[in-house]
Amino acid sequence: MPDYRSKTSTHGRNMAGARALWRATGMKDEDFKKPIIAIANSFTQFVPGHVHLKDMGQLVAREVERAGGVAKEFNTIAVDDGIAMGHDGMLYSLPSREIIADSVEYMVNAHCADAIVCISNCDKITPGMLMASLRLNIPVIFVSGGPMEAGKTKLASHGLDLVDAMVIAADSTASDEKVAEYERSACPTCGSCSGMFTANSMNCLTEALGLALPGNGSALATHSDREQLFLQAGRTIVDLCRQYYKENDDSVLPRNIANFKAFENAMTLDIAMGGSTNTILHLLAAAQEAEIDFDLRHIDRLSRKVPQLCKVAPNIQKYHMEDVHRAGGIFSILGELARGGLLHTDLPTVHSKTLAEGIAKWDITQTDDEAVHTFFKAGPAGIPTQTAFSQSTRWDSLDDDRENGCIRSVEHAYSQEGGLAVLYGNIALDGCVVKTAGVDESIHVFEGNAKIFESQDSAVRGILADEVKAGDIVIIRYEGPKGGPGMQEMLYPTSYLKSKGLGKDCALLTDGRFSGGTSGLSIGHASPEAAAGGAIGLVRDGDKVLIDIPNRSINLLIDDAEMAERRTEQDKKGWKPVESRPRKVTTALKAYALLATSADKGAVRDKALLDKLVP
């Protein structure tokens, strides 16, 4: 049986000094025989998805200690992508993922913790903690802060979210009063933004990976039911420690739970629910930490056979995460996928011996358990608040309509191909990604004229100045992991295209990425990126580009000889923006750019380069 990792710092005469320090934190003699559980919290007052997490660590800690463990809490950083967006702050968002992963590794390894409870929520925090967990490979469970309630206003017949506020603000016909009303109403409570944006997508995927409890991705931050997830996480992590350290059962380790098949399950769910394209980036990064051969080829294969079973904002205005929960949450989507033969259900999870057992217990269409049905009736109260567990509103009924409801069966899918696709072609030899769930079917094949911008800032100025016309394909380059650096999100350009009435008349291609709030024909992650010699850097104003989603292709319509001639010319000039960019690139960002890979590798550090630099 493996020894507790913490024994390194708690046993032996030579550790008297370390024990003295442990005692100064409150530990007693009997505690040195127990597992030390690291609680990786991410509370901050900067981020609405994390503003309510201040007391969550101690809530979990008390339950850990009741169950026989020793809990020690620390915090990671957390960047709010929405607040950081539209200015140089967005350069720091993706690099913060690596900082979060490293900080968890540093704290856990420096103090020899035996297991981790990851309290995450928003865009880069869940992926960063996931990367660290798979890197460390010790018992772990994820419990997130939960989704925000959708906003309500008399000026709109549908629920509001952050994107609605951005779009209306860019609409020159909207009055200041209307903009102010949307702004005040769009984000009414604590929690991660209310649609199927990156944060909620990733929290849902932790359920499919087997590393979180059912309801983790969908139970509202404000609802009293969510408290039980935190309490259960505290009990579960101690049990996972017992199984591994006392019973020598390594099936509970994250690399054995989140194995290749589990990554396929997570991606299958992502495609079926039309999740954010950022999830592809983060799953690729996490797979590398787990040393799993999972790449865009696998995602491309899955995208061709998995139907879209769920549509949520920003892909449709009718539904938000509160509606997904009412329809049975993630385990009901998994149940439909399993019935369609699209899941590996023989895999372990942190809460069930197999995923099949979990689905049987938690899919509302399979179980008669009234407690499960009551749990999924938890709904929004419509009261602005920053307080967790502050309301206990319930719907009168569940949404179990699998023909026309929020969650559909395979037979009644929104579409027989899923909500994400990988495109290849001479403009993106290593691939690029598009959220097809947000693309009108009429423009799944689109040929247009390239309109080149060498930064997001210049693209925004150009769109607002009406330089972009119907039929254009906006190309924003040198915004990849190296070129940005930091691979900015392009929510403002896509939102402004919509506000200009060009949402169905234009496309956008970038080596940057998109917010989970993006919809429209928005293609990101073009790899290799321009700064790494990618062909997106060879496109010129007015070039014809053909996008063909059904055939999974994207091509610059010039011949090979012309492409080769342009490449030779660009090699002489150097792969950098033509226009100067008033952008301060700090030492921290330069360090990230030096080691960053393109998006097809998850924008992680180049480990081969690192091994050369530090053998």
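Cβ coordinates come from backbone N, Cα and C, glycine included.
What Swiss-Prot lists as Mg(2+) binding site is Asp81, Asp123, Lys124, Glu489, and the listing cites sequence analysis. According to its DSSP assignment, Lys124 (Mg(2+) binding site) is coil.
Feature annotation from Swiss-Prot assigns [2Fe-2S] cluster binding site to Cys122, Cys193. Here Cys122 ([2Fe-2S] cluster binding site) comes close to Ser42, Val47, Gly49, His50, Ala78, Asp80, Asp81, Ser192, Thr198, Ala199: these same-chain residues lie at least six apart in sequence, with C-beta atoms under 8 angstroms from its C-beta.
Around Lys124 (Mg(2+) binding site), the same-chain residues at least 6 positions away in sequence with a Cβ under 8 Å from its Cβ are Ala78, Val79, Asp81, Ser93, Leu94, Ser96, Arg97, Ile100. The N6-carboxylysine annotation in Swiss-Prot covers Lys124 and is backed by sequence analysis.
A simple way to gauge crowding: the CB of Ser515 (active site, proton acceptor) has 29 other CB atoms within 10 angstroms, across all the protein chains here. The active site, proton acceptor feature in Swiss-Prot is assigned to Ser515; the stated evidence is sequence analysis.
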Around the Cβ of Cys193 ([2Fe-2S] cluster binding site), the count of other Cβ atoms that are within 10 Å: 31
Candidate with sparsest Cβ neighbourhood (10 Å radius) among Asp81, Asp123, the listed binding-site residues: Asp81
Other same-chain residues whose Cβ falls within 8 Å of the Cβ centroid of Asp81, Asp123, Lys124, Glu489, the recorded Mg(2+) site, in sequence order: Val79, Ala84, Ser93, Leu94, Cys122, Thr198, Ala199, Asn278, Ser515
Length of the line joining the Cα atoms of Cys193 ([2Fe-2S] cluster binding site) and Asp123 (Mg(2+) binding site), in Å: 10
Integer Cα-Cα distance in angstrom, Ser515 (active site, proton acceptor) to Asp123 (Mg(2+) binding site): 9
